[in-house]
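Report on the structure given below.
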Amino acid sequence: MGKECYYLSWILKFHLLLVLIQLVDSGSTIRFLPGFQGPLPFELETGYIGVGEAEKDQMFYYFIKSESNPEKDPLLLWLSGGPFCSSFTALIYENGPIAFKAEEYNGSIPSLVSTTYAWTKVASILYLDQPVGTGFSYSRNPLADIPSDTGVAKPVNEFLHKWLDKHPEFLSNPLYVAGNSYSGIVIPTIVQEISNGNHLDSKPQINLQGFVLGNPATDTDIDLNSRIPFAHGKALISDEHYESLKRSCQGNYISVNPRNTKCLKLLEDFKKCVSGISEEYILKPDCMWLYSCMANLHSLSEYWANEKSVRKALLVNEGTVRKWIRCNTEIAYNKDIRSSVPYHKYISIEGYRSLVFSGDHDMLVPFLGTQAWIRSLNYSIVDDWRPWMVQNQVAGYTRTYANKMTFATVKGGGHTSEYKPVETYIMIKRWLSGQPL
């Protein structure tokens, strides 16, 4: 009898341990966050999914369920750029249901407030910290290989399959892979990886419908070479300077022959001329010491995420990340994809929908370059250039191509949605529902 009780007790403990492990791996619901008054008015889940050999790489995510119809609304897998910028950047500054209150940091936990422009009003969003080393994602062993562009797709695809295995209620929801900035390089590779897996009958089958890219880095040469024409078009350099640059550099401002001293001198003059301009948003004032500045608002995330009470609330594994950094530029990374245009050509054939949008005051990845690589895909236009409106005002311009790609500018917008959050929310709401912009 004693042995039977012992074995029964052991079996119960073993099953309890399995349940606890599953709960930790599946993620847990967060009802309160430090800095926010009262319970959260939306459903937030955080957790880790192990990927790679022996699941040594633990990928951290924030999942916010759609506030409208989560059973049917699209599921967005969101990847922020950088590389190594936490997806919390998008959640808190660009398209999430909460944001930091614009006030001077006084040493206490920064305050959080609700937003009116959350994309989670029309979609469930899975914000992923990737690659490993980003945000709260970590590896149980020291990184054996330097992360790279070409190495992103496989672990993200593995993460998504495992997450959907644990959240089967979202398997039938339309899935879109979304992101901005540098994620424009890797998202097409991820879409291709997921698509190939579906063709190979990988389980679970993913209801992939397309992708969304905001101000996406795509082709190094095209993106960088478009900065000078953009600067001229925005009256940042003179006609004479621009014409001299075109003549001396012959349209190539990146890989300049060292013997072409005239071109190099003109490029130096260009850099000096725009040195006081923010590349991310050319209208952004130099206001480093004002609490409402973007730079100071961005610093609030690091104060907040490094609070012990915050990490406890988010269920971050203790001792895994010494210091949370919003964009961790200290980690080595191999940028081994110079152009993602070939991936776009491949996934265009598959017939996926896509939305590519550009803030028209972004000089980091100018809309001129984005238009250039889209033209290189050689698809006919099915809805030509026209304004799209918000409250009877022009919010930007748009056109749609035969490969189901919609391009849109955001008037007065910068490198990310945070500069025009209301307009980009209305844009994504219309596009996800299949309406014209």
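Cβ atoms are placed via backbone N, Cα and C, with glycine included.
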For the disulfide involving CYS263, grab the partner from CYS249, CYS287 as Swiss-Prot records it. CYS249
What is the disulfide partner of CYS327 among CYS5, CYS85, as given in Swiss-Prot? CYS85
By the count of other Cβ atoms within 10 Å, pick out the sparsest of the disulfide-bonded residues CYS85, CYS249, CYS263, CYS287, CYS327. CYS287
Let me make sure I understand the structure: which of the recorded positions listed (ASN106, SER181, ASP362, HIS415) has the fewest other Cβ atoms within 10 A of its Cβ? ASN106
Here the recorded positions are SER181, CYS263, HIS415, and the Cα closest to that of ASN106 (N-linked glycosylation site) is found at HIS415
Those recorded positions, out of CYS263, CYS287, CYS327, HIS415, that come within 10 angstroms of ASP362 (active site) at the Cα: HIS415
Can you give me the Cα-Cα distance between ASN378 (N-linked glycosylation site) and CYS287 (disulfide bond) in Å, rounded to a whole number? 43
C-alpha spacing of SER181 (active site) relative to CYS85 (disulfide bond), in angstrom: 10
ASN378 (N-linked glycosylation site) has its Cβ surrounded, within 10 angstroms, by a count of other Cβ atoms equal to 11
